[in-house]
Amino acid sequence: MKSWTSRPVPELPGSMPQLRLYDTALGRVVDVERQPEQSMYVCGITPYDATHMGHAASYVAFDLLNRAWRDAGVRVSYVQNVTDIDDPLLERATATGVDWRELAQSQIDLFQTDMDALNVLAPNHYIGAVEAIPDIVPAIEQLIADGVAYRVAGSEGEPDGDVYYDVETAGKRSDATDAWTLGDVSGLGEKEMLELFAERGGDPTRAGKRHALDPLLWRVARDGEPSWPGSTLGDGRPGWHIECTVIAQKYLPAPFTVQGGGSDLVFPHHEMGAGHAYSLSGVPLARHYSHAGMVGLDGEKMSKSKGNLVLVSKLRAAGEEPAAIRLAILAHHYRSDWSWTDAEFAEAKDRLKQWRAALDHAPAGSAAALISAMRDELANDLNAPGAIAAVDHWAAEAIRSGSDKSEQDTALVTDAIDALLGVEL
C-alpha cells in the first residue's frame with residue numbers, strides 16, 4: 001500500500017544526546033540503546049473515522065521519536081499498518097450503506113492527507129492487513145502445528161473452525177529470561193485483563209475456548225462477510241493481533257527497537273502481539289514498548305459513540321493551520337492524558353504567531369543554545385512541552401531585545417523547530 005510523501009527534514013549542526021524513553025513493559029524511563037539503525041512499528045488506524053485528535057496525537061508523538069533518531073544521525077526503519085478489514089469497519093459500512101472497500105480507501109486517503117498536513121514523516125512501509133493475509137495464514141498454521149493455537153467447534157449458530165491462540169500453553173513453552181508470558185507487556189492482573197479484553201474486541205465468553213483471554217487468530221468465513229483463502233485454515237480473515245505481528249516480523253529486525261501506539265493498545269493488542277511473536281520466532285517482538293496518552297474533549301472522553309470527535313480534516317476545512325494543530329498537540333507530554341479545548345488551541349495559534357514574530361529579531365549567536373536546550377528536553381522522554389518552553393523563552397528574549405535579526409540564526413532556529421518539533425514557521 002502506498003504511503004504519503006515526507007517533507008525534507010533540515011539537517012542541524014551537532015546531534016541529539018542519549019535518548020531516554022519510558023518503557024511501558026518495564027515501568028520506567030530507560031536509555032534507548034545507541035545503534036546505527038533504529039526501528040519502529042506504530043499501529044495504524046482502522047479506517048472508518050479518520051483522523052480524530054487521538055489518532056493525530058499518537059502519530060505526532062512517535063514522529064518526535066523518528067525525528068530525534070534522525071537528528072542523532074541514525075537510519076530509521078519505520079513500519080505502520082492499516083487495519084483495512086475489521087468488525088468496526090464492516091459495521092460502519094453496513095450502517096452507512098457504503099461498500100467496506102470504498103469506505104476504507106476513502107478514510108485511508110483522508111488519513112494520509114492529514115498526516116502530510118501535520119508534517120508527520122511517512123513510514124518506510126505502510127501495509128494493509130488484507131495485503132498481509134498471504135503471510136498471516138502460514139504463521140497461524142505454524143502456531144497450530146507448534147501446539148500453541150487450536151480450532152474451536154461451532155456453537156450457537158457459529159461455524160466450526162475459528163482459530164485461537166493458547167495464552168497459557170504459549171507462556172509455558174520457554175524458561176528463557178526473555179520469553180513471553182501473559183502480563184509481560186501490560187503488567188496487569190487477570191481481573192483487569194478480562195475487563196479490558198471484553199471492552200477492546202475480545203470474546204472472553206466464547207464457548208470452546210481453553211482460556212477466556214485466548215485471542216482470535218483466524219475467523220472462518222460467515223455469510224455476508226468478506227473472506228480470503230486460508231489454505232488449511234479454510235476461507236476466512238485474520239484476527240487483529242496476529243496481523244501486526246506478522247507485518248512487523250516481515251519488515252523489521254527481530255527484535256525491533258520500539259513498539260508504539262496509544263495507551264489503549266497496551267492490552268490486549270500489544271500484549272498478545274508480543275506473545276504471537278515469541279511463539280513464532282523464539283525472539284521478543286520489540287526491545288521497548290512506548291505508549292501515547294488518550295485525548296478527550298473539554299474534559300470528556302473523546303469517542304465515536306459520543307459523537308464528540310475533533311477531526312483534523314474538519315479543522316483544516318475551517319481554515320485552521322496544521323502547524324497550529326500540531327503545536328497544540330505538542331503542548332502536552334506524549335504520555336499524558338489530556339483534553340482538546342478551544343482555549344488551548346487559541347494559545348497554540350498565539351504561540352505560533354509569537355515564534356514567527358521573534359524570527360524578525362533573532363539575536364546573533366542565539367540559535368546554538370536554543371538548539372541544545374531543545375535537544376536536551378526531547379532526549380528526556382520526548383519532553384515536547386520542555387522544548388516548547390525553551391523556544392518560548394528564546395522568542396520572548398528576541399522580541400524584548402528588539403535587535404536586527406541575524407540571518408544565520410533565523411535560518412538555524414527555523415530549521416531546528418522544523419527538524420525537531422515538526423513545526424514549520
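Cβ atoms are placed via backbone N, Cα and C, with glycine included.
Marked as Zn(2+) binding site by Swiss-Prot: Cys43, Cys244, His269. Look at Swiss-Prot and you will find Cys43, Gly44, Ile45, Thr46, Ser58, Asn81, Val82, Thr83, Trp240, Gly262, Ser263, Asp264, Val295 tagged as L-cysteinyl-5'-AMP binding site, backed by sequence analysis. Annotated motif ''HIGH' region' per Swiss-Prot: 45-55, in sequence order. The annotation motif ''ERGGDP' region' is assigned in Swiss-Prot to 199-204. Among the features that Swiss-Prot reports, motif ''KMSKS' region' is placed at 301-305, with the record citing sequence analysis.
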- [ ] Determine the mean pLDDT over the motif ''HIGH' region' (45-55), rounding to the nearest whole number.
- [x] 89
- [ ] Out of Ile45, Val82, Ser263, Val295, point to the one nearest Cys244 (Zn(2+) binding site) in space (Cα versus Cα); all of them are binding-site residues in the record.
- [x] Val82
Task: Contacting positions for the motif ''ERGGDP' region' (199-204) when only residues 6+ beyond its ends and CB under 8 Å are counted - done: 87, 212-213, 215-216, 240, 264, 267-269
Task: Rounded distance in angstrom between the Cα atoms of Cys43 (Zn(2+) binding site) and Ser263 (L-cysteinyl-5'-AMP binding site) - done: 11
Open item on the list: From the DSSP assignment alone, can you count helix, strand and coil residues within the motif ''ERGGDP' region' (199-204)?
Closed with: 1 helix, 0 strand, 5 coil
Task: In sequence order, the binding-site residues (Ile45, Ser58, Val82, Trp240) whose C-alpha falls within 10 A of His269 (Zn(2+) binding site) - done: Trp240
TODO: Summarise the motif ''HIGH' region' (45-55) by DSSP state, stating how many residues are helix, strand and coil.
DONE: 3 helix, 1 strand, 7 coil
Open item on the list: Helix, strand or coil by DSSP: which one applies to Cys43 (Zn(2+) binding site)?
Closed with: coil
- [ ] Inside 10 Å of the Cβ of His269 (Zn(2+) binding site), count up the other Cβ atoms and send me the figure.
- [x] 22
Open item on the list: Quick check: with Cys43, Cys244, His269 left out, which same-chain residues have Cβ atoms within 8 Å of the centroid of the Zn(2+) site Cβ atoms?
Closed with: Asn81, Trp240, His241, Glu243, Gly261, Leu265, His270, Gly273
Open item on the list: Return the count of C-beta atoms lying within 10 angstroms of the C-beta of Cys43 (Zn(2+) binding site), excluding that atom itself.
Closed with: 25
- [ ] Give the helix, strand or coil assignment DSSP yields for Ser58 (L-cysteinyl-5'-AMP binding site).
- [x] helix
- [ ] Check the binding-site residues Ile45, Cys244, Val295 for other C-beta atoms within 10 angstroms of each C-beta and report the one with the most.
- [x] Cys244
